[in-house]
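Chemist: Please see the structure below; I have some questions.
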Amino acid sequence: ALRLAGGRSQCEGRVEMEQAGAWGTVCDDAWDLADADVVCRQLQCGRAVSIHGGAAFGRGSGPILRDEVGCEGHEEHLWDCPAAPEHDCSHKEDAGVVCSEHQQWRLSGGQDGCAGRVEVFFRGTWSTVCDSTWYELEASVLCRTLGCGEPLRQLSFGHTLPGRMLYQCESQQPSLAHCQWTYNKSAPCHQSRAAGVVCNGTDP
């Protein structure tokens, strides 16, 4: 099994794999975009946007399971790639990746990072969020994800960025990426405004 840990979504973080029932990490020696692409594709997270070494997403624990990974980029699984059986690494060299399906959010145009228009970074670009299905629950998920508490009130803005995202949450989730989302589909976003929110917290 394979997962990303320590990031802000399931498509960003420290690369961790499971071997013989134990989760371990991958050393950043020779870690490159071809290796990271295999990870992103295996996790259905698109392609690799950036690679990170030096335990950028925190130090893992457990065994270091791979070193000098040498994927060509077309492999189906990370463990199909050649790698050194022995390593000379510590967890301060844990490898990480940000994949294209990773989503991160910000509130812009408000007095601080806890108020303003909702914007999402996805597939390499910032987009606005359609308010057609933006309710208290969606706003609450976002405010909590940003460390900004709970929503105080909703705001409405114009769409001025190229992309549009639509979220629908059924329950409180760790982030909007865990809710249902559709990207750049015009029908539900037609005649929508861009969602905004004021959360009751202030910039952490």
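The backbone N, Cα and C atoms fix where each Cβ goes, glycine too.
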Chemist: Choose one of Cys169, Cys189: the cysteine that TrEMBL connects to Cys179 by a disulfide bond.
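Modeler: According to TrEMBL, the disulfide partner of Cys179 among Cys169, Cys189 is Cys169.
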Chemist: Check for me: which candidate out of Cys81, Cys89 does TrEMBL give as the disulfide partner of Cys71?
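Modeler: Between Cys71 and one of Cys81, Cys89, TrEMBL records a disulfide, namely with Cys81.
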Chemist: Output, ordered by sequence, the same-chain residues six or more apart from Cys179 (disulfide bond) with a CB under 8 Å from its CB, or 'none'.
Modeler: Glu138, Val141, Tyr167, Gln168, Cys169, Glu170, Gln173
Chemist: Go through Cys71, Cys81, our disulfide-bonded residues, and report the one whose Cβ sees the most other Cβ atoms within 10 Å.
Modeler: Cys71
Chemist: Within 10 Å of the Cβ of Cys169 (disulfide bond), how many other Cβ atoms can be counted across all chains shown?
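Modeler: I count 22 other Cβ atoms within 10 Å of it.
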Chemist: For the domain 'SRCR' (2-100), report the average pLDDT of the model, please.
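Modeler: A mean pLDDT of 95 is what the model gives the domain 'SRCR' (2-100).
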